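Here is what Swiss-Prot says about this protein:
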ACT_SITE  GLU76  active site, proton acceptor
BINDING   8-15, THR105, 127-131, PHE143, SER230  ATP binding site
Amino acid sequence: MESTIGIDAGGTLTKIAYLNEKMQLAFEKFYSNEQNKIIDWLKQNTGKKQICITGGKAKQLQQLLSNSYKIVELNEFEATLIGVRYILKEEKYDINNFILTNIGTGTSIHYVYNDQYIRAGGTGVGGGTIMGLSKLLTNLEHFEDVIPLTKVGSRKELDITVGDIYGGILSPIDNSLTASNFGKAATIESNYNSSDILATVQGLVGEVVTALSLQFAETKNIDHIIYIGSTLCNNIHLQNIISSYTKYQNKIPIFLQDGGNSGAIGALLHVANKKS
């Protein structure tokens, strides 16, 4: 397996999984439009001879690499599921029945039962939405710049909550729940800043993704929802939104360490398992 690389070429990011000199699982990450950087990295790692590639931009990258490497292509969700099962085992989870929500550029949701899986649905709301709205509203272009500001932002000046609508009157549902994302921006003079906008954008995305995941979990009578994707990496604000909403509906949220690399891990393991 030390001569093999797993690559997940996504719409926004390309993730690479491989074994380093200490035979430890290691990762690299590039923007998918930085193909020259990806190729340069591969050239520097001369011991790598075989690539298993997956993801939406797999074909595009494969065309650039096919003359230099032996390449195996793997279905995107099969790769992700192999990676998720590996991480679950590493983190001592014993779960075979779950909803898997992958928040990438958009969001894909699958129902997993033992070795079977069904695509439940998805939404165009995801990491691409966060970055697109962040650019439009605050002119920030990079995820690494958005996250620190999000941590200090507040949604109180922009979101309308159930409590805002009912005032002091007893409401039929929790007063803290969001009644309208960004609703205050259209109705009153709000004292908000860029950090508040960024926090509210993530609130919108987190609640949409979680609401869909919860609907599918309820339909299938599933308790565990596993949330993965690079959008969650170092993004405590988004994780907290998803976690609190999931728990409020009496479901169990799980965030896997290195979950954003599950596709690349799965691609790497797919070839390794075939060799063994």
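Cβ coordinates come from backbone N, Cα and C, glycine included.
A map of Swiss-Prot features onto the structure.
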residue: ASP8; record: ATP binding site; contacts (Cβ under 8 Å, 6+ apart): THR14, LYS15, ILE16, ALA17, ILE53, THR54, GLY55, GLU76, ALA79, ASN261, GLY263, ALA264, ALA267
residue: GLY10; record: ATP binding site; contacts (Cβ under 8 Å, 6+ apart): SER32, GLY55, GLY56, LYS57, GLY104, THR105, SER230, GLY263
residue: THR12; record: ATP binding site; contacts (Cβ under 8 Å, 6+ apart): TYR31, SER32, GLY104, THR105, GLY127, GLY128, MET131, SER230
residue: ILE130; record: ATP binding site; contacts (Cβ under 8 Å, 6+ apart): PHE143, VAL146, VAL201, GLN202, VAL205, THR231
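Over all protein chains present, the Cβ of PHE143 (ATP binding site) has 19 other Cβ atoms lying within 10 Å.
All chains included, 21 other C-beta atoms sit within 10 angstroms of the C-beta of THR105 (ATP binding site).
Around the Cβ of GLY128 (ATP binding site), 18 further Cβ atoms fall within 10 Å across all displayed protein chains.
In this structure, THR105 (ATP binding site) belongs to neither helix nor strand by DSSP; it is coil.
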